[in-house]
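Student: Below are the features I grabbed from TrEMBL:
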type	residues	note
BINDING	R210, 230-233, 298-300, Q304, 352-355, R531, 542-543	substrate binding site
BINDING	E226, K391, 445-454, Y456, 480-483, E506, K533, E539	ATP binding site
BINDING	E226, N228, E449	Mg(2+) binding site
DOMAIN	288-388	domain 'Glutathione synthase substrate-binding'
Amino acid sequence: MGSGYSSSSFSQSSSTLAQCCATVPLQLQESHSNSLNFCSATRFLEPHLIKSSKILIPKSPFSAILPLKCAKKMQTQVEDSVKPIVDPHDIDPKLLQKLSYDALVFCSLRGLVVGDRNSERSGTVPGVGMVHAPVALLPMSFPESQWNQACEVAPIFNELVDRVSQDGEFLQQSLSRTKKVDPFTSRLLEIHSKMLQINKKEEIRLGLHRSDYMLDEQTKLLLQIELNTISSSFSGLSCLVSELHRSLLHQYSECIALDPNKIPTNNSVNQFTDALAKAWNEYGDPRAVVMFVILAEERNMYDQHWLSASLGEKHQVTTIRKTLAEIDAQGELLEDGTLIVDGEAVAVIYFRAGYAPSDYHSESAWKARLLMEQSRAVKCPSISYHLAGTKKIQQELAKPNVLERFLENKDDIAKLRKCFAGLWSLDESDTVKDAIERPGLYVMKPQREGGGNNIYGEDVKEALLKLQKEGTGSDAFILMQRIFPTVSHSILMREGIPHKEQTISELGIYGTYLRNEKEVLINQQSGYLMRTKVSSSNEGGVAAGFAVLDSIYLV
């Protein structure tokens, strides 16, 4: 996905909260018995509704309320033990000022920056109109057991994406109805269909993925929000945030009672570039380049430039940056399938654009996408990998017996299902009826990547009633259970100013996957991205302006 992220979230001001402050996990038995009623939303929503009308926001050991020596201590009961907790609102103002200043210095010196929206050229000219990336001032507490779980399933999800991508019939059939009501998905499927017709094989397949999760407050289950197979952003900047927080904890060890070693090592930028370089090497032409497909204006360019710089310095691989329009104008396909763009042979195509309808301004952009797909260059992602990451495929994979079509290991299947949230098509009338009656328990998701696309709260009810009245368009959406994560207290840094807010967070686990015709060359968890946002916000994209970059502190 792009620089935003889609999430189910908690809003304190929501009237729905007074009725239901709980998540609704899809808990499958170890036997995965087919007798379970997977399609009944009501069946597994109701057990998680709060029966009392009194609403409490429980304190949790997994909150971002961190123990500071130089701040007023509070006590809270946690799992039969008393632990000291400090609210950031009680941090000494002088300490907060010092932390903020040193954080800004770190961001400036280390390249933890983005383009300034107030600067007209900040999205096109490097070094012009830079500001520090929006960040949390201190790391977010996160349970180590759920962290280990998320890391463990990353290679399994990588393998699942690859196997789904090779099943053209499954992709076409699963998305056949969606394409009738969603022009964007239809165009992607059209390209995919053409590749099937000419029997185009991707001999080298590269995936740079990110699986996003929220930790449900009531059940403590780690539930997957989505799996991103295209433009999984912030692998460059996320590493720096972990370093920032580790640096601050070292520097202020006398005041902040936290162990810097509890922040996991985050090496996503190097692991992404290692995978890109390995794919480039597999291509077999030392004169070829890695091409970044970008937007004409990209204020998140520095996250991308970290990858380019690492490819050049660590692997001596040349990169070029081209928009879809430039690829159409400058690209050509040789008889042997070699893609030439602006005189350069392209070994690897890395998409940091092309995931949203707005990226395709004209037929020129679609011509460029088809040209690239027809080439023998390694695509990250290929059109089939792209489709495997759509919301509809996510919903299809959550159905009974579908994972068994792609995976043999029962333990692996159980691990994936454990983190599946509730997902339904709009064909399921009972679920739709329940969503109209209790819209706060659901999120409507279209086939879109990035923040700002989902439908929440009473808008779910209105959207469903409108679709029922019109009788068309329902296949463009899926329904997902709404996840209610822990509400914490954080200090969010924007435009050089610290803001003390009630927040929720989302954990993204990166995964890298590379295989050739003979074997899997890379399949591993490859770092993480933590994003934190104000709890009253439904959407949460960092680049979209909703969230900040964060790191995790294992507890």
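The backbone N, Cα and C atoms fix where each Cβ goes, and this holds for glycine too.
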Student: Among the binding-site residues R210, Y355, Y456, point out the residue whose Cβ has the most other Cβ atoms within 10 Å, with all shown protein chains included in the count.
Tutor: R210
Student: Nearest to Y355 (substrate binding site) by Cα distance: which of the binding-site residues N228, P446, Y456, R482 is it?
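Tutor: Comparing Cα positions, the closest of these binding-site residues turns out to be N228.
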Student: I'd like to confirm something. Which of the binding-site residues, P446, Y456, R482, K533, has a Cα closest to the Cα of Q304 (substrate binding site)?
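Tutor: Closest recorded candidate to Q304 (substrate binding site) by Cα: K533.
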Student: Round to a whole number and give the Cα-to-Cα distance in Å for the pair N228 (Mg(2+) binding site) and P446 (ATP binding site).
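Tutor: Distance between the two Cα atoms comes out at 14 Å.
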Student: By DSSP assignment, list the helix, strand and coil residue numbers for the domain 'Glutathione synthase substrate-binding' (288-388), in that order.
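Tutor: Taking the domain 'Glutathione synthase substrate-binding' (288-388) as a whole: 43 helix, 26 strand, 32 coil.
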Student: Closest to R482 (ATP binding site): which of the binding-site residues R210, S231, S233, R299, going by Cα position?
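Tutor: Closest by Cα distance to R482 (ATP binding site) among the binding-site residues R210, S231, S233, R299: R210.
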Student: Taking only the binding-site residues E226, P446, K533, which one has a CA atom nearest to the CA atom of S233 (substrate binding site)?
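Tutor: Closest by Cα distance to S233 (substrate binding site) among the binding-site residues E226, P446, K533: E226.
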Student: Looking at the binding-site residues R299, R482, K533, which one has the fewest other Cβ atoms within 10 Å of its own Cβ?
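Tutor: Looking at the binding-site residues R299, R482, K533, the Cβ with the fewest others within 10 Å is that of R299.
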Student: How big is the Cα-to-Cα gap, in Å, between R299 (substrate binding site) and E226 (ATP binding site)?
Tutor: 24
Student: Out of E226, Y456, K533, which of these binding-site residues is nearest R210 (substrate binding site) by C-alpha distance?
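Tutor: With Cα distances computed to R210 (substrate binding site), the winner among E226, Y456, K533 is E226.
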Student: Please report the distance from the Cα of P446 (ATP binding site) to the Cα of A353 (substrate binding site), rounded to the nearest angstrom.
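Tutor: Pair distance, Cα basis, whole Å: 18 Å.
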Student: Near N228 (Mg(2+) binding site), how many other Cβ atoms are within 10 Å of its Cβ?
Tutor: 25
Student: Determine the minimum-neighbour residue: among S231, S233, Q304, listed as binding-site residues, which Cβ has the fewest other Cβ atoms within 10 angstroms?
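Tutor: The binding-site residues S231, S233, Q304 were compared, and Q304 has the fewest Cβ atoms within 10 Å.
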Student: How long is the line from the C-alpha of E226 (ATP binding site) to the C-alpha of A353 (substrate binding site), rounded to the nearest angstrom?
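Tutor: Computed Cα spacing between E226 (ATP binding site) and A353 (substrate binding site) is 18 Å.
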Student: Roughly how many angstrom lie between the C-alpha atoms of S231 (substrate binding site) and Y456 (ATP binding site)?
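Tutor: Rounded to a whole number, the Cα-Cα distance is 25 Å.
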